[in-house]
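Step one of this worksheet: look at the structure below.
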Amino acid sequence: MHKIMAINAGSSSLKFQIFTMPGEEVLVKGLIERIGLPDAIFNMSFQNEKIKEIRAINNHGEAVEILLEQLKAHQVINDLSEITGVGHRVAHGGEDFVTSCVVTDEVVKGIEAVTNLAPLHNPANIIGIKTFRELLPNAVSVAVFDTAFHQTIPEENFLYALPYELYEKHHIRKYGFHGTSHKYVAGKAAEVLEKPLEKLKIISCHLGNGASVCAIEAGKSVNTSMGFTPNAGLMMGTRSGTIDATIIPYLVDELGYSLDEVMHMMSSESGVLGVSGISSDFRDIEIAAKEGNSRALLTLRMFTGQICNYIGAYASAMNGCDALLFTAGVGENSPLIRQMVTEQLSYLGVTCHVTKNNAGDMIISNDDEAVKVCIIPTNEELMIARDVEKYAKQTIS
């Protein structure tokens with residue numbers, strides 16, 4: 001038995017879990033939020049204990065140091081050498097990283113080379129990788145790429161209708177994201193439905209503050225809604241999703257915005273927040289909608305309508321759908337969103353059992369329907385730990 005740590009570093013946060021492997025038991029988990037601020041929050045839970053501290057944490061490097069200190073101070077581990085592997089979620093791997101890999105100096109350079117494609121995420125991922133390699137030099141470090149699962153998408157689905165040379169020379173194409181989550185829930189759904197993954201046509205809806213839909217055939221991604229960056233596809237918490245590209249020069253040339261202002265608007269002021277004018281959080285939108293707020297209702301109709309557009313297109317492309325999956329914060333916890341989506345898909349044979357949906361059952365479709373509608377809680381950290389386990393076993397055997 002050995003210990004594997006899974007790390008998910010965001011732009012101002014660091015999510016962590018330690019698993020004992022190969023049993024996949026969670027030893028400790030937690031979240032460090034508001035990194036860079038004087039009132040950063042350190043949360044950690046283990047063995048029925050919960051720790052919450054508010055303190056200054058200036059950067060991700062300091063966050064890692066504090067985390068390792070706390071693990072020892074609370075005797076979650078006695079020595080850092082007990083951690084044999086650390087897995088890092090990396091948002092964007094470009095075309096060079098088609099699977100998880102052991103981190104080397106060359107791998108770090110490769111991740112840095114595509115930082116401009118995920119400027120909010122990759123820099124934090126890199127800092128986490130470098131700090132853990134420095135503080136845990138004997139643990140194997142593994143990079144797990146959000147884009148890797150989508151490397152099976154065929155060329156006709158990942159190319160943009162731009163001059164082909166832009167792909168050949170500059171690798172401008174659809175990459176897709178949330179791959180670790182989509183891969184996990186597809187495998188879990190196969191277990192729940194007691195069917196071989198290789199024989200299933202699955203449409204996975206990862207719906208959180210970031211959101212994407214993925215078509216999965218025989219366990220492989222064949223299309224997904226996000227694109228060159230995580231801004232494409234569905235409208236999201238603060239992201240616009242896909243828009244007519246000529247809106248951008250119009251905003252610059254006719255309305256006087258700078259390009260930086262437009263990009264900030266599209267990534268931080270649009271989506272659910274921009275349309276509703278209320279919040280980027282769907283919980284707030286649902287409350288406002290129930291109170292009759294017209295823009296909150298409009299936001300819900302837009303969001304669920306866009307989801308259904310992708311589901312319909314992917315079901316058509318795969319010539320069917322065996323399972324429709326809802327996962328992530330909104331997908332797992334919003335009966336209203338699930339109901340609004342499934343109500344628009346009756347032509348596919350999709351149903352939603354009201355009682356099962358409201359109770360959050362794992363299978364919420366009617367029993368006799370061919371298309372199984374499932375709520376599958378995602379577990380990206382476990383997927384990361386499993387990938388690390390493959391490499392860590394080689395070093396400790």
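Counting begins at 1 with the first residue displayed.
A Cβ is built for glycine as well, from the same backbone N, Cα and C atoms used for every other residue.
Taking all protein chains in view, 25 other C-beta atoms sit within 10 angstroms of the C-beta of Asp146 (active site, proton donor/acceptor). According to Swiss-Prot, the feature active site, proton donor/acceptor maps to Asp146.
Swiss-Prot lists Asn8, Glu380 with the feature Mg(2+) binding site, giving sequence analysis as the kind of evidence. Secondary structure at Asn8 (Mg(2+) binding site), taken from DSSP and collapsed to helix, strand or coil, is strand.
In the three-state DSSP scheme, Arg89 (substrate binding site) falls into the strand class. Other Cβ atoms within 10 Å of the Cβ of Arg89 (substrate binding site), summed over all protein chains shown, number 23. Residues or ranges marked as substrate binding site in Swiss-Prot: Arg89.
According to Swiss-Prot, the feature site 'Transition state stabilizer' maps to His178 (among others), an assignment based on sequence analysis. Cβ-based neighbour count (10 Å, all protein chains) for His178 (site 'Transition state stabilizer') stands at 30.
Sequence annotations record features per position, and here Swiss-Prot assigns site 'Transition state stabilizer' to Arg239 (among others). All protein chains considered, the CB of Arg239 (site 'Transition state stabilizer') has 26 other CB atoms within 10 Å.
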Neighbouring recorded positions, C-alpha within 10 angstroms of His178 (site 'Transition state stabilizer') - of Asn8, Asp146, Arg239, Glu380: Asp146, Glu380
Residue pair Arg239 (site 'Transition state stabilizer'), Asp146 (active site, proton donor/acceptor) - Cα distance, angstrom, rounded: 18
Rounded inter-Cα distance in Å - Asp146 (active site, proton donor/acceptor), Arg89 (substrate binding site): 7
Conformational class of Glu380 (Mg(2+) binding site) under the three-state DSSP mapping: helix
For Glu380 (Mg(2+) binding site), the number of other Cβ atoms found within 10 Å of its own Cβ: 24
